[in-house]
Amino acid sequence: MKFVLLFGVLLVTLFSYSSAEMLDDFDQADEDELLSSIEKEEARAKECTPRFYDCSHDRHSCCRSELFKDVCTCFYPEGGDNEVCTCQQPKHLKYMEKAADKAKKFGGKIKKWFG
């Protein structure tokens, strides 16, 4: 019986050690992947079109706001035949960002009160 107990403890110890090493490998891979995606995002961020600027050359190049990506909106000016495209933020997304900011500030106040 002592042998079975000793063997069980040894088996659990080896299993936990191998699990910890596998998790470390996964964490390292996740960190490498995260760093590469951040570098790609920074490289892509330099090429984006700011809000209210012309985006007719690339309609998917609008910059991101705090939470959402701006949308390339095209329209015909009054009395004009040429289409004009600019990066704009839709109103419903603007209101959602404002609500998220207010909720974040309110959450910070609650954390201060009870923190």
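Here the Cβ of each residue, glycine as well, is placed from N, Cα and C on the backbone.
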C63, C72 - which one Swiss-Prot pairs with C48 by disulfide: C63
According to Swiss-Prot, the disulfide-paired cysteine of C74 among C72, C85: C85
Three-class DSSP secondary structure - C63 (disulfide bond): coil
Chain-internal residues near C87 (disulfide bond), provided their CB is under 8 angstroms and they sit 6+ positions away: T49, P50, R51, F52, Y53, C55, S61, C62, C63, D70, V71, C72, T73
